[in-house]
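Asks: Handing you a structure now.
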Amino acid sequence: MILLNIPPIFGTEIKYVNSAILDIKFNNNNKFIQLCENWFESKFNFKKVFLTTSCTSSLEMAALLINVQSGDEIIMSSYTFVSTANAFVLRGAVIVFVDIRPDTLNINENLIEQAITKKTKAIVAVHYAGVSCDMDLIMSVAIKYNLYVIEDAAQGMMSKYKNVYLGGIGHIGCFSFHKTKNYTSGGEGGAIVINDDLLIKRSYIIYEEGTNRSIVNSNQINNYMWYGVGSHYFMSNLQAAYLWAQLKASKYIYNYRMNLWNNYFSELFYLSENKKLELPNIPKYCKHNAHIFYLKMKNRNKCYSLVNWLMKYKIIVSFHYVPLHTSPVAKRFSRFVNSDVYTTVESERLIRIPIYYNLTIDDQNIIIKYLKKFFIK
Ligand SMILES: *Cc1c(COP(=O)(O)O)cnc(C)c1O
(Lines of atoms letter the chains of each structure in order from A and count residues from 1; the text may use other names and numbers.)
(Lines give C-alpha, C1' and ligand atoms only; values in the text may rest on other atoms or scores of the structure.)
Protein backbone atom coordinates (compact mmCIF):
# COMPACT_ATOMS: atom_id res chain seq x y z
CA MET A 1 0.00 0.00 0.00
CA ILE A 2 1.31 3.47 -0.90
CA LEU A 3 -0.43 6.04 1.27
CA LEU A 4 -1.23 9.62 0.24
CA ASN A 5 0.79 10.95 3.15
CA ILE A 6 3.04 9.78 5.97
CA PRO A 7 4.07 12.37 8.57
CA PRO A 8 7.72 13.36 8.21
CA ILE A 9 10.17 11.49 10.44
CA PHE A 10 13.81 12.41 9.91
CA GLY A 11 15.35 10.16 12.56
CA THR A 12 16.85 12.68 14.97
CA GLU A 13 13.57 13.60 16.69
CA ILE A 14 13.98 11.06 19.52
CA LYS A 15 17.28 12.66 20.62
CA TYR A 16 15.73 16.10 21.11
CA VAL A 17 12.49 14.77 22.59
CA ASN A 18 14.54 12.81 25.16
CA SER A 19 16.43 15.95 26.01
CA ALA A 20 13.15 17.86 26.43
CA ILE A 21 11.92 15.17 28.85
CA LEU A 22 15.05 15.64 30.97
CA ASP A 23 14.48 19.40 30.89
CA ILE A 24 11.08 18.97 32.53
CA LYS A 25 12.83 17.81 35.71
CA PHE A 26 14.78 21.06 35.87
CA ASN A 27 11.75 23.16 35.02
CA ASN A 28 13.45 24.26 31.84
CA ASN A 29 10.24 24.44 29.89
CA ASN A 30 10.94 26.56 26.88
CA LYS A 31 14.42 25.76 25.58
CA PHE A 32 13.23 24.22 22.30
CA ILE A 33 10.49 26.79 21.89
CA GLN A 34 13.16 29.49 22.07
CA LEU A 35 15.43 27.63 19.66
CA CYS A 36 12.65 27.21 17.10
CA GLU A 37 11.35 30.77 17.38
CA ASN A 38 14.87 32.18 17.01
CA TRP A 39 15.50 29.90 14.04
CA PHE A 40 12.46 31.29 12.22
CA GLU A 41 13.27 34.88 13.08
CA SER A 42 16.87 34.67 11.91
CA LYS A 43 16.57 32.30 8.94
CA PHE A 44 13.42 33.83 7.49
CA ASN A 45 14.07 37.37 8.68
CA PHE A 46 10.73 37.49 10.53
CA LYS A 47 10.20 40.21 13.15
CA LYS A 48 8.36 38.13 15.74
CA VAL A 49 7.38 34.46 15.83
CA PHE A 50 5.34 32.55 18.42
CA LEU A 51 4.94 28.78 18.26
CA THR A 52 1.28 27.81 18.69
CA THR A 53 -0.82 24.68 19.07
CA SER A 54 -1.95 24.74 15.40
CA CYS A 55 -2.39 26.95 12.37
CA THR A 56 -6.03 27.14 13.41
CA SER A 57 -5.03 28.79 16.69
CA SER A 58 -2.60 31.06 14.81
CA LEU A 59 -5.49 32.22 12.62
CA GLU A 60 -7.73 32.71 15.66
CA MET A 61 -4.99 34.72 17.34
CA ALA A 62 -4.66 36.77 14.14
CA ALA A 63 -8.38 37.60 14.30
CA LEU A 64 -7.94 38.82 17.90
CA LEU A 65 -4.80 40.77 17.02
CA ILE A 66 -6.47 42.78 14.27
CA ASN A 67 -9.46 43.26 16.57
CA VAL A 68 -12.17 41.82 14.32
CA GLN A 69 -15.63 43.01 15.37
CA SER A 70 -19.06 41.64 14.63
CA GLY A 71 -20.03 42.53 11.03
CA ASP A 72 -16.49 43.15 9.81
CA GLU A 73 -15.79 41.61 6.43
CA ILE A 74 -12.85 39.37 5.63
CA ILE A 75 -11.95 38.65 1.99
CA MET A 76 -10.53 35.24 1.03
CA SER A 77 -10.77 32.44 -1.52
CA SER A 78 -13.27 29.64 -0.96
CA TYR A 79 -10.85 26.88 -1.95
CA THR A 80 -9.28 26.50 1.50
CA PHE A 81 -9.44 24.69 4.82
CA VAL A 82 -12.37 25.54 7.12
CA SER A 83 -10.16 27.17 9.75
CA THR A 84 -9.24 30.00 7.39
CA ALA A 85 -12.87 31.14 7.59
CA ASN A 86 -13.86 29.89 11.05
CA ALA A 87 -11.15 31.88 12.83
CA PHE A 88 -12.97 35.07 11.76
CA VAL A 89 -16.52 33.71 11.96
CA LEU A 90 -15.80 33.04 15.65
CA ARG A 91 -15.42 36.81 16.11
CA GLY A 92 -18.67 37.55 14.26
CA ALA A 93 -17.13 38.46 10.92
CA VAL A 94 -18.73 37.94 7.52
CA ILE A 95 -16.59 36.01 5.05
CA VAL A 96 -16.48 37.49 1.55
CA PHE A 97 -15.33 34.94 -1.00
CA VAL A 98 -13.60 35.87 -4.23
CA ASP A 99 -12.96 33.49 -7.15
CA ILE A 100 -9.59 31.76 -7.59
CA ARG A 101 -7.13 31.81 -10.46
CA PRO A 102 -7.31 28.54 -12.37
CA ASP A 103 -3.52 28.22 -12.67
CA THR A 104 -2.62 28.29 -8.95
CA LEU A 105 -6.00 27.87 -7.20
CA ASN A 106 -5.08 30.95 -5.17
CA ILE A 107 -7.28 34.04 -4.78
CA ASN A 108 -7.55 36.02 -8.03
CA GLU A 109 -5.77 39.21 -6.97
CA ASN A 110 -7.54 41.22 -9.69
CA LEU A 111 -10.99 40.54 -8.20
CA ILE A 112 -10.23 41.70 -4.66
CA GLU A 113 -10.82 45.41 -5.13
CA GLN A 114 -14.43 44.88 -6.32
CA ALA A 115 -15.16 42.94 -3.13
CA ILE A 116 -14.09 45.73 -0.78
CA THR A 117 -16.77 47.63 1.15
CA LYS A 118 -16.73 50.05 4.09
CA LYS A 119 -16.83 47.03 6.39
CA THR A 120 -13.80 45.24 4.94
CA LYS A 121 -11.15 44.66 7.58
CA ALA A 122 -8.66 42.22 6.09
CA ILE A 123 -7.63 40.08 3.14
CA VAL A 124 -6.52 36.52 3.82
CA ALA A 125 -4.06 35.18 1.25
CA VAL A 126 -4.02 31.37 1.23
CA HIS A 127 -0.87 30.04 -0.46
CA TYR A 128 -2.28 26.79 -1.84
CA ALA A 129 0.24 23.95 -2.24
CA GLY A 130 2.95 26.29 -0.96
CA VAL A 131 2.67 28.34 -4.16
CA SER A 132 2.40 32.01 -3.33
CA CYS A 133 -0.40 34.41 -4.11
CA ASP A 134 0.56 37.51 -6.11
CA MET A 135 1.47 39.45 -2.99
CA ASP A 136 2.56 42.77 -4.56
CA LEU A 137 -0.92 43.35 -5.93
CA ILE A 138 -2.61 42.20 -2.72
CA MET A 139 -0.39 44.43 -0.57
CA SER A 140 -0.99 47.48 -2.77
CA VAL A 141 -4.78 47.05 -2.61
CA ALA A 142 -4.48 46.63 1.17
CA ILE A 143 -2.49 49.85 1.51
CA LYS A 144 -4.94 51.75 -0.70
CA TYR A 145 -7.93 50.75 1.48
CA ASN A 146 -6.09 50.51 4.81
CA LEU A 147 -6.69 46.78 5.28
CA TYR A 148 -4.76 44.08 7.08
CA VAL A 149 -3.24 41.21 5.12
CA ILE A 150 -2.99 37.81 6.78
CA GLU A 151 -1.11 35.05 5.01
CA ASP A 152 -2.46 31.55 5.54
CA ALA A 153 0.94 29.98 4.91
CA ALA A 154 -0.10 26.68 6.55
CA GLN A 155 1.33 24.89 3.50
CA GLY A 156 3.97 27.48 2.68
CA MET A 157 6.95 26.99 4.95
CA MET A 158 10.23 27.50 3.02
CA SER A 159 8.43 28.93 -0.04
CA LYS A 160 9.22 32.39 -1.33
CA TYR A 161 7.54 35.21 -3.15
CA LYS A 162 10.20 37.19 -5.03
CA ASN A 163 12.94 36.26 -2.56
CA VAL A 164 10.85 36.93 0.57
CA TYR A 165 9.78 33.93 2.63
CA LEU A 166 6.02 33.39 2.82
CA GLY A 167 4.57 34.46 6.14
CA GLY A 168 6.80 37.54 6.19
CA ILE A 169 4.95 39.68 3.64
CA GLY A 170 1.54 40.46 5.17
CA HIS A 171 0.94 41.96 8.62
CA ILE A 172 0.59 38.42 9.98
CA GLY A 173 1.55 34.96 8.69
CA CYS A 174 0.25 31.61 9.94
CA PHE A 175 2.04 28.25 9.66
CA SER A 176 0.95 24.69 10.37
CA PHE A 177 3.09 21.85 11.69
CA HIS A 178 0.23 19.37 11.42
CA LYS A 179 1.30 15.88 10.40
CA THR A 180 0.13 16.40 6.81
CA LYS A 181 2.46 19.36 6.26
CA ASN A 182 6.12 19.40 5.15
CA TYR A 183 7.44 19.81 8.71
CA THR A 184 5.70 18.72 11.88
CA SER A 185 5.98 19.18 15.63
CA GLY A 186 4.92 15.57 16.20
CA GLY A 187 1.46 15.64 14.66
CA GLU A 188 -0.03 18.96 15.74
CA GLY A 189 1.38 22.46 15.94
CA GLY A 190 1.71 25.83 14.30
CA ALA A 191 3.30 29.26 14.40
CA ILE A 192 2.25 32.85 14.00
CA VAL A 193 4.52 35.44 12.41
CA ILE A 194 3.86 39.07 13.26
CA ASN A 195 5.47 41.60 10.99
CA ASP A 196 3.87 44.83 12.24
CA ASP A 197 5.33 46.67 15.23
CA LEU A 198 2.01 47.77 16.72
CA LEU A 199 0.61 44.26 16.47
CA ILE A 200 3.76 42.81 18.06
CA LYS A 201 3.20 45.10 21.05
CA ARG A 202 -0.34 43.76 21.54
CA SER A 203 0.57 40.15 20.82
CA TYR A 204 2.17 39.12 24.13
CA ILE A 205 -1.03 39.63 26.11
CA ILE A 206 -3.20 37.78 23.59
CA TYR A 207 -0.68 34.92 23.35
CA GLU A 208 -0.43 34.53 27.13
CA GLU A 209 -4.10 34.01 27.96
CA GLY A 210 -4.87 37.72 28.22
CA THR A 211 -2.36 38.31 30.99
CA ASN A 212 0.67 40.55 31.29
CA ARG A 213 2.80 37.55 32.31
CA SER A 214 5.57 38.17 29.79
CA ILE A 215 5.99 41.76 31.00
CA VAL A 216 5.97 40.62 34.63
CA ASN A 217 8.61 37.98 33.93
CA SER A 218 10.98 40.46 32.40
CA ASN A 219 10.37 43.29 34.89
CA GLN A 220 10.10 41.27 38.10
CA ILE A 221 6.86 42.96 39.15
CA ASN A 222 5.14 40.95 41.88
CA ASN A 223 2.34 39.19 40.07
CA TYR A 224 0.73 38.96 36.68
CA MET A 225 -2.91 39.90 36.14
CA TRP A 226 -5.80 39.91 33.71
CA TYR A 227 -5.06 42.44 30.99
CA GLY A 228 -7.43 41.75 28.12
CA VAL A 229 -8.76 39.05 25.84
CA GLY A 230 -6.47 36.20 24.92
CA SER A 231 -6.16 32.48 25.02
CA HIS A 232 -3.78 29.61 25.64
CA TYR A 233 -1.97 29.46 22.33
CA PHE A 234 1.50 28.18 23.16
CA MET A 235 2.99 24.90 22.04
CA SER A 236 4.60 22.52 24.54
CA ASN A 237 8.37 22.23 24.74
CA LEU A 238 8.10 18.51 23.89
CA GLN A 239 6.45 19.32 20.57
CA ALA A 240 9.02 22.05 19.93
CA ALA A 241 11.80 19.47 20.46
CA TYR A 242 10.31 17.31 17.69
CA LEU A 243 10.00 20.38 15.49
CA TRP A 244 13.59 21.42 16.24
CA ALA A 245 14.88 18.14 14.77
CA GLN A 246 12.90 18.87 11.61
CA LEU A 247 14.08 22.48 11.37
CA LYS A 248 17.70 21.35 11.66
CA ALA A 249 16.99 18.87 8.85
CA SER A 250 14.80 21.26 6.88
CA LYS A 251 17.18 21.48 3.91
CA TYR A 252 17.29 17.69 3.48
CA ILE A 253 13.54 17.40 3.77
CA TYR A 254 13.08 20.28 1.34
CA ASN A 255 15.52 18.84 -1.22
CA TYR A 256 14.03 15.37 -0.99
CA ARG A 257 10.49 16.63 -1.57
CA MET A 258 11.68 18.88 -4.38
CA ASN A 259 13.33 15.93 -6.10
CA LEU A 260 10.08 13.93 -5.89
CA TRP A 261 8.11 16.90 -7.25
CA ASN A 262 10.52 17.41 -10.16
CA ASN A 263 10.47 13.68 -10.98
CA TYR A 264 6.69 13.73 -11.24
CA PHE A 265 6.78 16.85 -13.36
CA SER A 266 9.35 15.62 -15.87
CA GLU A 267 7.92 12.10 -16.11
CA LEU A 268 4.34 13.28 -16.64
CA PHE A 269 5.10 16.28 -18.79
CA TYR A 270 4.43 14.52 -22.12
CA LEU A 271 0.94 13.65 -20.88
CA SER A 272 0.21 17.32 -20.33
CA GLU A 273 1.54 18.11 -23.81
CA ASN A 274 -0.85 15.49 -25.16
CA LYS A 275 -3.67 17.18 -23.23
CA LYS A 276 -4.34 14.08 -21.14
CA LEU A 277 -4.03 16.07 -17.94
CA GLU A 278 -2.76 19.38 -16.53
CA LEU A 279 0.21 19.75 -14.21
CA PRO A 280 0.75 22.41 -11.51
CA ASN A 281 1.78 25.87 -12.68
CA ILE A 282 4.44 27.75 -10.71
CA PRO A 283 4.38 31.50 -11.48
CA LYS A 284 7.75 33.18 -12.08
CA TYR A 285 7.51 35.16 -8.83
CA CYS A 286 7.30 32.01 -6.74
CA LYS A 287 9.84 29.56 -5.37
CA HIS A 288 7.67 26.73 -4.05
CA ASN A 289 8.27 24.00 -1.45
CA ALA A 290 6.91 20.84 -3.12
CA HIS A 291 4.07 20.61 -0.60
CA ILE A 292 1.48 19.07 -2.94
CA PHE A 293 1.69 17.43 -6.34
CA TYR A 294 -1.64 17.50 -8.09
CA LEU A 295 -3.02 16.48 -11.46
CA LYS A 296 -5.96 18.19 -13.08
CA MET A 297 -8.18 15.80 -15.01
CA LYS A 298 -10.83 16.71 -17.61
CA ASN A 299 -13.67 16.42 -15.09
CA ARG A 300 -14.86 14.74 -11.88
CA ASN A 301 -15.69 11.44 -13.57
CA LYS A 302 -12.16 11.13 -14.91
CA CYS A 303 -10.95 11.71 -11.37
CA TYR A 304 -13.05 8.86 -10.05
CA SER A 305 -11.77 6.46 -12.67
CA LEU A 306 -8.17 7.43 -11.83
CA VAL A 307 -8.81 6.98 -8.10
CA ASN A 308 -10.30 3.52 -8.72
CA TRP A 309 -7.57 2.49 -11.15
CA LEU A 310 -4.78 3.37 -8.72
CA MET A 311 -6.67 1.72 -5.85
CA LYS A 312 -6.33 -1.58 -7.74
CA TYR A 313 -2.56 -1.20 -7.34
CA LYS A 314 -2.91 -0.08 -3.70
CA ILE A 315 -1.97 3.52 -4.43
CA ILE A 316 -4.00 6.11 -2.55
CA VAL A 317 -4.72 9.46 -4.17
CA SER A 318 -7.25 12.06 -3.11
CA PHE A 319 -9.34 15.09 -3.94
CA HIS A 320 -8.82 18.21 -1.87
CA TYR A 321 -11.05 20.97 -0.50
CA VAL A 322 -14.76 21.17 -1.11
CA PRO A 323 -15.13 24.95 -1.67
CA LEU A 324 -16.43 26.54 1.52
CA HIS A 325 -19.15 28.58 -0.21
CA THR A 326 -20.84 25.39 -1.46
CA SER A 327 -21.43 24.18 2.11
CA PRO A 328 -24.99 24.28 3.53
CA VAL A 329 -23.77 26.51 6.40
CA ALA A 330 -22.07 29.00 4.06
CA LYS A 331 -24.99 31.41 3.73
CA ARG A 332 -25.09 31.95 7.48
CA PHE A 333 -21.53 33.25 7.52
CA SER A 334 -20.51 34.37 4.07
CA ARG A 335 -21.24 35.60 0.56
CA PHE A 336 -19.52 35.03 -2.78
CA VAL A 337 -18.76 38.16 -4.77
CA ASN A 338 -19.40 37.96 -8.53
CA SER A 339 -19.47 34.52 -10.09
CA ASP A 340 -17.77 31.28 -9.26
CA VAL A 341 -16.07 30.74 -12.59
CA TYR A 342 -13.16 28.60 -11.46
CA THR A 343 -13.44 27.68 -7.77
CA THR A 344 -15.88 24.78 -8.12
CA VAL A 345 -14.78 23.59 -11.55
CA GLU A 346 -11.09 23.48 -10.70
CA SER A 347 -11.60 21.89 -7.30
CA GLU A 348 -13.68 19.11 -8.84
CA ARG A 349 -10.96 18.03 -11.26
CA LEU A 350 -7.95 18.14 -8.95
CA ILE A 351 -6.34 14.96 -7.62
CA ARG A 352 -3.41 14.91 -5.19
CA ILE A 353 -0.85 12.14 -5.55
CA PRO A 354 1.59 10.92 -2.85
CA ILE A 355 4.52 13.20 -1.98
CA TYR A 356 6.30 13.07 1.37
CA TYR A 357 9.74 12.79 2.91
CA ASN A 358 9.41 9.07 3.68
CA LEU A 359 8.17 8.13 0.17
CA THR A 360 10.91 6.05 -1.48
CA ILE A 361 11.99 6.63 -5.07
CA ASP A 362 11.05 3.00 -5.82
CA ASP A 363 7.50 3.65 -4.64
CA GLN A 364 7.39 6.86 -6.64
CA ASN A 365 8.41 4.94 -9.75
CA ILE A 366 5.55 2.50 -9.16
CA ILE A 367 3.12 5.42 -8.93
CA ILE A 368 4.49 6.94 -12.13
CA LYS A 369 4.30 3.60 -13.94
CA TYR A 370 0.61 3.07 -13.15
CA LEU A 371 -0.24 6.69 -13.85
CA LYS A 372 1.24 6.38 -17.32
CA LYS A 373 -0.62 3.12 -17.88
CA PHE A 374 -3.90 4.77 -16.97
CA PHE A 375 -3.47 7.49 -19.56
CA ILE A 376 -2.38 5.23 -22.43
CA LYS A 377 -4.72 2.31 -21.75
C1 LIG B 1 -3.55 22.65 7.31
C2 LIG B 1 -4.17 23.95 7.03
C3 LIG B 1 -4.74 24.73 8.04
C4 LIG B 1 -4.92 24.24 9.45
O5 LIG B 1 -3.75 23.84 10.09
P6 LIG B 1 -3.83 23.14 11.53
O7 LIG B 1 -2.41 23.24 12.02
O8 LIG B 1 -4.25 21.73 11.27
O9 LIG B 1 -4.78 23.88 12.37
C10 LIG B 1 -5.22 25.99 7.72
N11 LIG B 1 -5.16 26.46 6.47
C12 LIG B 1 -4.63 25.74 5.46
C13 LIG B 1 -4.57 26.33 4.09
C14 LIG B 1 -4.14 24.45 5.70
O15 LIG B 1 -3.62 23.73 4.70
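From the backbone N, Cα and C atoms, a Cβ is placed for every residue, glycine too.
Nobody curates TrEMBL annotations by hand; they come from automatic prediction.
These came from TrEMBL, pasted as-is:
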- Lys181: active site, proton acceptor (ACT_SITE)
- Lys181: N6-(pyridoxal phosphate)lysine (MOD_RES)
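Context for these features, please: burial, neighbours, distances.
Replies: Following the DSSP three-state reduction, the secondary structure of Lys181 (active site, proton acceptor) is coil. Residues near Lys181 (active site, proton acceptor) in space but far in sequence (CB under 8 A, at least 6 apart, same chain), listed by position: Ala154, Gln155, Met157, His291.
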